[in-house]
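Data block below; observations after.
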Amino acid sequence: MPSKCLTFLILMGFAAHTLAANEKPFEPDMVAIKAGQFTMGSNNWLSTSPEHTVSVKAFKMAKYEVTVKEFAQFISATGHKAPRQCIQMAGNPWFASMAGNWNANTLSHSRFEPVTCIGPKDADAYIKWMAKETGKKYRLPTEAEWEYAHRAGSTRKYSFGNNEALACRYGNIADRSAEAAFKRDYDAEQQKEREKRSKRAEIPAS
C-alpha cells in the first residue's frame, strides 16, 4: 500500500511576475512509486562508490518540476529571502557565478519553466510552507528515493542503454559538432587573451 507520506520533487527556473499572497498553493500531481530494492551508486567514480543495495519504502513524487509561477506565490506569501547570486550562463567561459535570483537570471524565460537559482534551504522552505498551507506531509525526496525513482527499475548506465554512441538520438549532448564549437568560441577567446598578454609583455618600460 502506498505510503501516506507525500514526497515532493523540487528542481529549479525563473521569470518576473507576482501572485496574490492569499491564493491557495498549487498542489502538484503526484506519482506513486512502489517499494523495492535497487543498487545505488557506481564504482566508476570515487564520489559515487561503492555500489550498495538500498531498500526504499513506497512513496509519492511530484510528476512535474516546481515552476517559477508556483515559487513566486511562496515568495509573495512569506517574504522569503532567496539568494541574489547563482551559477548561470555568462558567455565565455560559459558558466559563472553572477548576480541573479529565482525571477531574474539567464537560465529560463517563462514563468511556466522550472524555478532555478535557488538552493537546498530555499527548496526546503518552499516545501515546509506548502505542507503548512495544505495540511499535507510534503517533503523533499531523499537521495536514495530520487535515484530509485529515476532509475525506474533499470540497471543500465543511461536511460537509453549502455551504448554511448546512441546518446545523440535521445538527448541534446556535446558531440563532435560541439567540439568544433568549443574550439571556435572558447579556445578562440582564450587565444585572444594570450595574444593580449603577450603584446603587453612586449611593451618596453618607459
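Even glycines carry a Cβ here, placed using N, Cα and C.
TrEMBL: automatically predicted annotations, no manual curation.
Pulled from TrEMBL, these are the features on record:
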type	residues	note
SIGNAL	1-20	signal peptide
DOMAIN	27-175	domain 'Sulfatase-modifying factor enzyme-like'
REGION	182-206	region 'Disordered'
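Each residue in the domain 'Sulfatase-modifying factor enzyme-like' (27-175) has a pLDDT score, and their mean in this model is 88. DSSP places the residues of the domain 'Sulfatase-modifying factor enzyme-like' (27-175) in helix, strand and coil in these numbers: 45 helix, 37 strand, 67 coil.
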